[in-house]
Amino acid sequence: MTSTINKPLDGEGSVQVKQDPKINIEEGALVIAVYGKGGIGKSTTSSNLSAAFSKLGKKVLQIGCDPKHDSTFTLTHKMVPTVIDILEEVDFHSEELRPNDFMFEGFNGVMCVESGGPPAGTGCGGYVTGQTVKLLKEHHLLEDTDVVIFDVLGDVVCGGFAAPLQHANYCLIVTANDFDSIFAMNRIVSAIKAKAKNYKVRLGGVVANRSKDTDQIDKFNERTGLKTMAHFKDVDAIRRSRLKKCTIFEMEPTEDVIEVQNEYLSLAKNMLENVEPLEGNPLKDREIFDLLGFD
């Protein structure tokens, strides 16, 4: 006797978070999800990219999707309360909240929200992200937004933290020119390829970060069909900007700082005008092991 096993739909047979069809970000906004290995500089990249978009005259919203809620502090110059903390204070009666309870204005008018997350080992971060978008929609805070950036926790690609991919047009992957970062990037490419079957999200490209060279990234890109959209070398001014709790656009305009600022502005312009949706083809783990390294 034989039986047929049907392929599960998105979110079936797992702990994935299904997207509520009523929770969508308005058409017309450019929505970018930023992923990458933990500690690779996603929040720095996201915040400086948000600042760059604002410099181009765009209305920008950055949503931090990490329980550490440290995505936006270089924009706001402080640690802001999270959506989940604010909702708990009103017993999750969102109608009692005002926009300034959970959304904070940062550098050059960038609006900042930290979704936060459940305590470690409990709940689902993807649910929190969905509730954050729902709250923003209830208060009509997405209607006039030009660019939305999701800054996502580490390299977790479970259904929960893949939730921003359900809203995004493009995903940018931040990586360094090393094995561990590229290995994590490959896993993220796999997640995006899976989500792209059911949602509009596509790969926007790679951001090379904290790397003098990009030879290993270039090898991976050539094999998988990816493209480097920006390259940020290991510039001390970027590290110092984090310590000063500000964006790179607020630093003293030295030659290094201006070079980094121009690279962020170029990335923002390309995401607005010249981004080409990429069809990434992830490698098997053994293939990455054999590909990377010195000949």
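The backbone N, Cα and C atoms fix where each Cβ goes, and this holds for glycine too.
Copied from Swiss-Prot, the annotated features are:
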BINDING   Gly39, Ile40, Gly41, Lys42, Ser43, Thr44, Lys68, Asn209, Arg210  ATP binding site
BINDING   Ser43  Mg(2+) binding site
BINDING   Cys124, Cys158  [4Fe-4S] cluster binding site
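Neighbour counts of Cβ atoms within 10 Å were taken for the binding-site residues Gly39, Gly41; the minimum is at Gly39. In this structure, of the binding-site residues Lys68, Arg210, the smallest number of CB atoms within 10 A of the CB marks Lys68. Of all residue pairs in the ATP-binding list (Gly39, Ile40, Gly41, Lys42, Ser43, Thr44, Lys68, Asn209, Arg210), the one with the greatest Cα separation is 22 Å apart. According to DSSP, Arg210 (ATP binding site) sits in a coil region rather than a helix or strand.
A simple way to gauge crowding: the CB of Ser43 (ATP binding site) has 24 other CB atoms within 10 angstroms, across all the protein chains here.
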